[in-house]
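TrEMBL has this to say about the protein:
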- 27-53: transmembrane segment (TRANSMEM)
- 43-292: domain 'G-protein coupled receptors family 1 profile' (DOMAIN)
- 59-75: transmembrane segment (TRANSMEM)
- 96-119: transmembrane segment (TRANSMEM)
- 151-170: transmembrane segment (TRANSMEM)
- 199-227: transmembrane segment (TRANSMEM)
- 239-263: transmembrane segment (TRANSMEM)
- 275-294: transmembrane segment (TRANSMEM)
Amino acid sequence: MVTLPWENQTVMEFVLKGFSSIQELNIFLFMMFLVLYILIISGNTLIVLLVLFNHPLHTPMYFFLVNLSFLEMWYTSNIVPKMLLTILARQKTISVAGCLAQFYFFGSLAATECLLLAVMSYDRYLAICQPLHYPILMTGPFCIRLATSSWLCCFLLTTITMVLLSRLTFCGPNEIDHFFCDFAPLVHLSCMDTSLTEMIAYATSSAVTLIPFLFITASYSCILAAILRIPSGTGRQKAFSTCSSHLTVVMVFYGTLIATYLVPSTNSSHLLHKGFSLLYTILTPMFNPIIYSLRNRDIHEALKKCLSKKPGFLR
């Protein structure tokens, strides 16, 4: 019986293969992802600052938008800096503890985004379908409770999966054919029975993605019905414009997420999986501030107001 070199050994670190199959493009990939990362941080920071320093934007909708922008910055920063290092570095390693931590924050933040998008759809539902009750129902303390619950719920749920993953033994091979520590490629490297871990992980991930998606679908069905009942075309256009940005973000986020996990898990599809993963880890966080900036009159006005302000010594 042949003994493989990694048998009976406990893995202390993983190798993130990343985009090693296209090494001739490493410099190009590094520069491209670096520029995209800078755009993500800059765009989302701009949204946060515009909302914080413009009193007319201190409304529930923009409060949740600040939460979403802050999440996108943290979400991307959890993955991209390490990815940039592995693109250029010869040693593309990450410790087991570091890998588990990266997965924990990735899973928690992705789940939190699902709940925040659902909360934002509820906000738009109340604003359009129950405008008279909106100021009474969507109060400041209630908004804080909704946002806080979204964050805490997802971080606690992901902790369950994290505890199960931390109890697994990894004894080789130690190569992860991805640019970050995602659940599927990580759990497949364990030399223990992972059926319970996979079952609980998929149950919790399905709950925090499918239930919010169904809630968002139901909310927008009610919103669409309410908009169609508005007699004037101008009124319908104004009502739709208040939720069009959020609806676009939902479609982009869930579209890329569904496309990623509908791709069959075969050796030939690894590069395709990485490509789709880039959509929701980099492109979606970059597009969100662009979508809200291009399609939102309030953001336009706040930006114009900030740009028109002159330094004190010029006044």
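Note: Cβ is positioned from N, Cα and C throughout, glycine not excepted.
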- Task: With pairs restricted to those 6 or more apart in sequence, evaluate whether the transmembrane segment (239-263) and the transmembrane segment (151-170) have 3+ C-beta pairs under 8 Å.
- Result: no
- Task: Would you kindly list the residues that approach the transmembrane segment (27-53) from elsewhere in its chain, counting only those six or more residues past its ends and only Cβ-Cβ distances under 8 Å?
- Result: 19, 62-63, 65-66, 69-70, 72-73, 76-77, 80-81, 83-84, 87-88, 282-283, 285-286, 288-290, 292-293, 299, 302-303, 306
- Item | Recorded stretch, among 59-75, 151-170, 199-227, 275-294, maximising Cβ pairs under 8 Å relative to the transmembrane segment (96-119) | 151-170
- Restricting to the same chain and to residues at least six past its boundaries, which positions have a Cβ under 8 Å from a Cβ of the transmembrane segment (199-227)? 107, 111, 114-115, 117-118, 121-122, 124-125, 128-129, 153-154, 157-158, 160-161, 164, 183, 187, 236, 239-240, 243, 247, 250, 254, 257
- The average per-residue pLDDT within the domain 'G-protein coupled receptors family 1 profile' (43-292) comes out at 87
